[in-house]
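What follows is a single structure, written as structure tokens, with notes after it.
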């Protein structure tokens, strides 16, 4: 019996003898390649092809369960209903105001959750840009419609100060403690661009204030308002250009990384293969849009009672309206962002923390404030960029401190503590600040 016949009896193929050792010599690679192409292996690796459909609760009750039961902050939702009840039954604004604040906090967090789904990277970033500070804008628009122009200015100013000092300081301090590093690093180039945008916003607010306090207006009472409206349009164009630049930059990076902006199911499979632990959206696109509309309407309703109770709460608590507007109101919109910034800093993802804190400040200063000026223009309200001397000085010093601390691209506990202490100084200054413009800001409409 010759050798070929013996090979047939033993079940071996003489032609495959050259390939067999190569496969046997690297069994791990062979198994890995097989797992990438075999449906059963791929199914076992990501939990089956039904992971996407199973992770998205398409039913109404499943969506409600996710939205209302997955956040511990939702225990505060009944506070909103209690605030409405007290407003109509007792009109005790000292209680209506804090209950309205507590009722809005979980709604703001859930609004952020509803905008978290992403069909593509660009859509996700645009949604976050549009709704990242929706709560502050809704409160500001309600105050604007009531003619409380200085409350609008101070609320938006307080949001910027809170993000730059309190949120960023907490992120730096917590990240330095948790990571056990002498220094944490972040993108110096992004920090420089962000600092430049913040300084541009300060310039937009500083010049109208200087025009007012130097009494150098060509037409008293009109030049300041006209300059504010013109500058607001310029700032909106600058912010739109910044968004376009950011999205274009990210698109180029995504193309270089091959797959980060692929459709969700493909990205989920690839990320699972690469070991990334990205979460699949828990609600569908249609459900997310519906919840966004519901939460905006709900926040808008509670904001009506919140704004209406500011003066009453100021008298009941014997604290200045400026302190309520600058320190307390920003807590409503910044609470969820504050927690996220600290969480990412603890995980040593400081660039994301800066995106939350400084990105929110840029959006308020370059979009929120100019948007309110334009909205006031449309409503016939003389909303301008003259935030008055004390408020503008507070913003200028804050931006300068933050810009200096960011210029080297590193952070530590000491920097975080410095920012936090600076916020305490600012908060105390508004507590003792007797606002001479609170009544002057209720100006008659001008055309």
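Glycine residues also receive a Cβ, built from the backbone N, Cα and C atoms like all the rest.
The topological domains that Swiss-Prot gives for residue 60 and residue 435 carry different names, which places them on opposite sides of the membrane. Cross-referencing 266-286, 287-307 with Swiss-Prot places the feature transmembrane segment at 287-307.
It is 66-86, from the ranges 45-65, 66-86, that Swiss-Prot records as transmembrane segment. Matching 7-27, 385-405 against Swiss-Prot, the residues noted as transmembrane segment span 385-405. Under the criterion of 3 or more C-beta pairs below 8 Å, with sequence separation of 6 or more, the transmembrane segment (94-114) and the transmembrane segment (319-339) qualify as touching.
Sorting the region 'Cation selection' (132-167) by DSSP state (H, G, I as helix; E, B as strand; all else coil) yields 31 helix, 0 strand, 5 coil.
Of the Cβ pairs linking the transmembrane segment (66-86) with the transmembrane segment (414-434) and spaced 6 or more residues apart, fewer than 3 are under 8 Å, so the two regions do not touch. For the topological domain 'Extracellular' (308-318), same-chain residues at least 6 beyond its ends with a Cβ under 8 Å from one of its own Cβ atoms are 87, 91-94, 96-98, 100, 143, 146, 148, 151, 324-325.
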